[in-house]
Amino acid sequence: MEEGNPSFTVDEALVGIGFGKFQLYVLAYAGMAWVAEAMEMMLLSFVGPAVQSLWNLSAREESLITSVVFAGMLIGAYSWGIVADKHGRRKGFIITAVVTFLAGFLSSFAPNYMSLIVLRCLVGLGLGGGPVLVSWYLEFIPAPNRGTWMIVFSAFWTVGTIFEASLAWLIMPSLGWRWLLALSSVPSSLLLVFYRWTPESPRYLILQGRKAEAQSILQKIARMNGTHLPKGVLRSEIEEKNKSLPTENTHLLKPEEESNIVVADNNGQNFILLTLLSPELIKRTLLLWVVFFGNAFAYYGVVLLTTELNNSQNSCHPTGEVLQHSSNDVNYKDVFIASFAEFPGLLISAAMVDRLGRKVTMSSTLFLCCIFLLPLLTHQPPAITTALLFGGRVCVSAAFAVVYIYAPEIYPTAVRTTGVGVASSVGRIGGVLCPLVAVGLVHGCHQTVAVLLFEVVMFVSGICVCLFPFETSGRELTDTISTSKKPPSSSSSV
């Protein structure tokens with residue numbers, strides 16, 4: 001590039017274009033995927049008790065219905081992240097939408113327990129593509145208000161949980177669990193209908209050397225928003241590096257050398273995964289894995305405890321004998337009320353995420369959730385139990401929303417979806433183990449042990465958040481990896 005020729009980066013283009021109609025469309029599309037995932041996850045709280053009674057399942061078999069979904073998500077999150085980093089965001093999330101819809105709809109016709117297990121595992125495989133859409137959406141949002149709009153995006157998850165709780169309240173008593181499964185697959189089908197109008201991420205395109213296509217998409221975004229691109233031509237981060245030395249306030253990762261640019265080349269998947277464990281990224285990667293595990297374990301634990309602790313079948317005498325009642329005796333009203341806890345959680349995270357930062361928001365809400373669950377170490381009256389779980393869900397929802405903002409921000413474009421996908425996979429391990437605790441231990445009259453385990457996991461996660469090396473609020477995304485293990489404030493290499 002000749003000196004004096006005007007140019008701009010993707011970040012500069014997005015800031016100049018601003019947040020407008022195009023971003024609202026992207027928000028609606030990605031948000032529908034988030035609604036679909038929330039509904040498929042929330043329905044597990046209702047389907048388990050229903051089929052337990054129908055097929056006379058043990059507590060372990062009931063919990064497996066939930067665990068296999070997380071097992072599928074574990075595989076899917078890793079696999080689809082790699083597909084999206086190598087072949088594009090659009091190819092990544094269209095495959096996941098097809099798998100989720102087909103498996104979700106067909107599971108409503110499952111003739112027996114084993115077929116339901118297989119189909120729900122396939123649903124989980126499709127749902128594992130969620131991080132792809134998170135990264136895709138994030139890469140269209142201007143840096144100055146990225147945190148706030150990511151929280152707005154997280155609100156779609158809350159809408160999905162509330163809609164699913166409402167649907168279960170209406171459908172389950174009269175039509176049963178099969179209709180609930182079928183209707184819950186509808187949002188995934190909408191992703192297929194509107195797929196043709198979704199653009200590829202300009203960040204991905206420019207990383208692949210397709211600058212003309214990236215600039216064309218940015219021009220379309222500008223026209224849709226009623227604004228104009230900055231003057232000049234689009235340049236990559238390497239060209240920006242050659243033009244001026246980046247500062248601490250403009251980059252998440254210091255792009256000081258082009259030799260460490262990460263491109264998903266033909267060497268395959270191992271290259272990308274090893275990059276996440278390179279000296280430059282290993283600390284944040286390992287900490288992120290722990291935080292994702294803790295958030296998933298705590299979030300789904302609180303959701304499942306809401307049904308298990310308010311299900312008369314799982315009430316225990318002081319002697320430890322289980323009271324036998326109908327397994328459909330779930331208090332849908334309490335579950336519905338608890339679902340609204342996510343709205344104040346999102347409001348709290350929205351108020352804090354850009355003002356106080358990602359780290360403070362995540363750590364404080366995780367620690368506060370520990371406080372809410374502490375009284376549940378002993379049996380409490382139903383009203384108090386619901387209130388405590390409501391408060392715990394407020395906090396863990398806020399923390400979970402913010403970790404999905406922080407995770408894509410700490411990785412460069414070339415490994416962003418893989419990084420978030422692998423972290424999400426580790427979180428799914430927490431989801432696999434969670435039902436064994438929330439369902440198995442509570443059914444076995446070991447509520448104290450179950451709650452204590454949740455407390456320990458959340459506290460450790462909060463500590464790990466405090467250990468993250470730097471804050472990302474207000475910083476631009478980047479495409480390259482620094483040779484330094486520290487954020488850009490230090491010029492020395494380790």
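The backbone N, Cα and C atoms fix where each Cβ goes, and this holds for glycine too.
Residues or ranges marked as transmembrane segment in TrEMBL: 24-44 (among others).
Positions annotated as domain 'Major facilitator superfamily (MFS) profile' by TrEMBL: 26-473. Per-residue pLDDT, averaged over the domain 'Major facilitator superfamily (MFS) profile' (26-473), rounds to 77.
What TrEMBL lists as transmembrane segment is 64-81 (among others).
According to TrEMBL, the feature transmembrane segment maps to 93-111 (among others).
For the transmembrane segment (117-138), the residues of the chain that approach it from at least six positions outside its boundaries are 26-27, 30, 33-34, 37, 40-41, 64-65, 68-81, 83-84, 89-90, 92-93, 95-104, 106-107, 110, 146, 150, 153, 188, 201, 404-405, 407-409, 416-417, 420-421, 423-425, 428, 477, judged by C-beta separation under 8 angstroms. Feature annotation from TrEMBL assigns transmembrane segment to 117-138 (among others).
Tertiary proximity for the transmembrane segment (150-171) is limited to same-chain residues at least six positions away from its ends with a CB under 8 Å from its CB atoms, namely 27, 30-32, 34-39, 41-43, 45-46, 134, 137-138, 141, 179-180, 183-184, 187, 303, 332-333, 335-336, 338-340, 342-343, 345-346, 349-350, 353, 397, 400-402, 404-405. According to TrEMBL, the transmembrane segment annotation covers 150-171 (among others).
Sequence annotations record features per position, and here TrEMBL assigns transmembrane segment to 177-195 (among others). Taking Cβ pairs closer than 8 Å, the transmembrane segment (177-195) reaches residues 29, 32-33, 35-36, 39-40, 43, 46-47, 50-51, 90, 93-94, 97-98, 100-101, 104-105, 107-109, 126, 160, 164, 167-168, 171 in its own chain, all 6 or more past its ends.
Residues annotated as transmembrane segment in TrEMBL: 286-305 (among others). Listed by sequence, the residues of this chain that lie at least six past the ends of the transmembrane segment (286-305) yet keep a Cβ under 8 A from its Cβ atoms are 41-42, 44-45, 66, 70, 161, 338, 362, 366, 369, 373, 376, 389, 392-393, 396-397, 399-400, 403, 406-407, 410, 419, 422-424, 426-431, 433-435, 437-439, 442, 450, 454, 457-458, 460-462, 464-465, 467-468.
The transmembrane segment feature in TrEMBL is assigned to 335-353 (among others).
The annotation transmembrane segment is assigned in TrEMBL to 360-377 (among others).
Annotation comment: TrEMBL describes 383-407 (among others) as transmembrane segment. Below 8 angstroms of C-beta separation, residues 131, 134, 138, 146-147, 150-151, 154, 157-158, 288, 291-292, 295-296, 298-299, 302-303, 305-306, 309-310, 334, 337-338, 341-342, 344-346, 348-349, 352-353, 358-359, 361-362, 365-366, 368-369, 372-373, 375-376, 419-420, 423, 458, 468, 472 of the same chain, each at least six residues beyond the ends of the transmembrane segment (383-407), sit close to that stretch.
Annotated transmembrane segment per TrEMBL: 419-443 (among others), in sequence order.
Among the features that TrEMBL reports, transmembrane segment is placed at 449-470 (among others). Within its own chain, the transmembrane segment (449-470) is flanked in space by residues 283-284, 287-288, 290-291, 293-295, 297-298, 301-302, 305, 359, 362-363, 366-367, 369-370, 373-374, 376-377, 396, 406, 410, 430, 437-438, 441-442, 485-487, which lie at least six positions past its ends and keep a Cβ under 8 Å from the stretch.
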